[in-house]
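Enquirer: Feature table excerpt (TrEMBL):
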type: BINDING; residues: 10, 11, 12, 13, 14, 15, 127, 200; note: ATP binding site
type: REGION; residues: 30-59; note: region 'NMP'
type: BINDING; residues: 31, 36, 57, 58, 59, 85, 86, 87, 88, 92, 161, 172; note: AMP binding site
type: DOMAIN; residues: 127-163; note: domain 'Adenylate kinase active site lid'
type: BINDING; residues: 130, 133, 150, 153; note: Zn(2+) binding site
Ligand code: AP5
Ligand code: ZN
């Protein structure tokens, strides 16, 4: 089963994708994570993407489509793919259809996480991750059990994303409204879209997503 998680920055796409990976053995394909890896590694794509991401704007369709195509080739996605943060434009939505068709796959669900944009700024500005294992935390909503120590790996080093400041988040949200939200009708026409209340607590959002996935198995 291949699905898209769609929603503005901070809607909980990454959080819910990680739950599905843990609970269902699905594979998370996050273009944001791929781009951050490319920036860290200093690849040609990463060098081009760095300033664009720090400004909160969208990286070019060509770069993102190439990254996702490479990742699809490199990974075994037999149990299903979760597209997290991709597609973000109409052109990317068309690329995804082609990439899946070439591999004999097709989309089963597009899950839109509906959220209140005002609350998202707090979610994003407060988040941080373990620098070693990548587990996500939040200043208010999810702190480690022992202050300053990762629950999963025991590391005491954490990091924050350079684009997680209030100004950049506003640009990221404007990009979502202008370029990504307009792709919903493309999937609505095909009866693929389910809307979930992304303002509920993380466990409830997760249960609602699983209910959608199980509704048309
Ligand atoms: P990307 O990495 O995709 O970031 P994003 O879409 O802005 O999404 P986020 O990672 O900020 O949020 P999320 O929805 O995953 O929320 P999360 O689960 O972390 O993209 C970054 C940049 O890369 C883009 O701006 C662009 O430049 C570029 N890019 C990426 N893909 C691209 C593409 N396809 N085309 C072009 N450019 C691209 O949750 C947020 C916080 O809230 C966490 O702290 C979490 O703990 C907390 N939280 C989650 N759910 C809940 C809940 N239900 N209740 C309370 N707190 C919650
Ligand atoms: Zn850790």
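Cβ coordinates are placed from backbone N, Cα and C, and glycine is handled just like the others.
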Enquirer: Let me spell it out: take the domain 'Adenylate kinase active site lid' (127-163), skip the flanking residues so only those 6+ beyond its ends count, and list any with a Cβ under 8 Å from a Cβ in it.
Expert: 10, 14-15, 18, 36, 53-54, 56, 169, 172
Enquirer: Which binding-site residues among 15, 86, 150, 153, 200 have CB under 6 Å of ligand 2?
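Expert: Listed by sequence, the hits are 150, 153.
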Enquirer: Please work out which residue of 11, 130, 153, 200 has the most C-beta neighbours within 10 angstroms of its C-beta, and give that one of the binding-site residues.
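Expert: The residue with the densest Cβ neighbourhood is 11.
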Enquirer: So among 59, 88, 150, all listed as binding-site residues, which is physically nearest to residue 11 (ATP binding site)? Use the C-alpha atoms.
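Expert: If we rank 59, 88, 150 by Cα distance to residue 11 (ATP binding site), first place goes to 88.
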Enquirer: Among the binding-site residues 59, 133, 150, whose Cβ has the fewest other Cβ atoms within 10 Å?
Expert: 133
Enquirer: Please list residues from the chain of residue 31 (AMP binding site) whose Cβ is under 8 angstroms from its Cβ, counting only those at least six apart in sequence.
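Expert: For residue 31 (AMP binding site), the qualifying residues are 64, 67, 68, 84, 85, 86, 88.
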Enquirer: Per 10 Å Cβ neighbour count, which of the binding-site residues 13, 88, 127, 161 ranks highest?
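Expert: In terms of Cβ crowding, the pick is 13.
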Enquirer: Which numbers of helix, strand and coil residues does DSSP report for the region 'NMP' (30-59)?
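Expert: The region 'NMP' (30-59) comes out at 23 helix, 1 strand, 6 coil.
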Enquirer: Taking ligand 1 as the reference and 6 angstroms as the Cβ limit (strictly under), which binding-site residues among 14, 86, 88, 150 are close?
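Expert: Once distances to ligand 1 are taken from each Cβ, 14, 86, 88 fall under 6 Å.
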